[in-house]
Amino acid sequence: MGNLCSTERERDAFAQPGRRLGAAPAARTSASVPTSAEQGPRKVGGPPQTLGGGAGSGAGQAAAAPGAAAAAADDAQRRAATAAEDRFQKSKPKKGKLQAQLDRQRAMTDAQVLRQAGETERRQRELDQSRSVLNHD
């Protein structure tokens, strides 16, 4: 099944004598040199350019002061951060009444929760007392 789609090799792996487990493979007598090393280092030319393709990009921007390039980079970074925050705010679901109540409950401390539970119990007792008075119990 393995040779169904592949080409046949002329050399069989078992046609030549093998080596022992502890023995290292035969060392090469010469090393090949990569073609990129023979050509030498590449030469990159031209002034550095800022990416973005705004109105001031290109050769005219290269002649500008270095401080202007730094200010433009800071401005681009600030705009990117603002855009990211806007995308984040738009991706958040709109909060409804129940979500607002849940947020209020999450923000409460333990003392506030206990105080609220005590108030609820006190109101319930007062309602029970007033109901018993009205029913003449």
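Glycine is treated like the rest: Cβ placed from N, Cα and C.
Sequence annotations record features per position, and here TrEMBL assigns region 'Disordered' to 1-137.
Packing against the compositional bias 'Low complexity' (15-28) from elsewhere in the chain is no residue: none 6 or more residues past its ends has a CB under 8 Å from a CB in it. The compositional bias 'Low complexity' annotation in TrEMBL covers 15-28 (among others).
Under the heading compositional bias 'Polar residues', TrEMBL lists 29-38.
According to TrEMBL, the compositional bias 'Low complexity' annotation covers 60-83 (among others).
According to TrEMBL, the feature compositional bias 'Basic and acidic residues' maps to 118-137. Look at the compositional bias 'Basic and acidic residues' (118-137): DSSP puts its residues at 17 helix, 0 strand, 3 coil.
Beyond the ends of the compositional bias 'Basic and acidic residues' (118-137), by six or more residues, the same chain brings no residue to a C-beta distance below 8 angstroms of the stretch.
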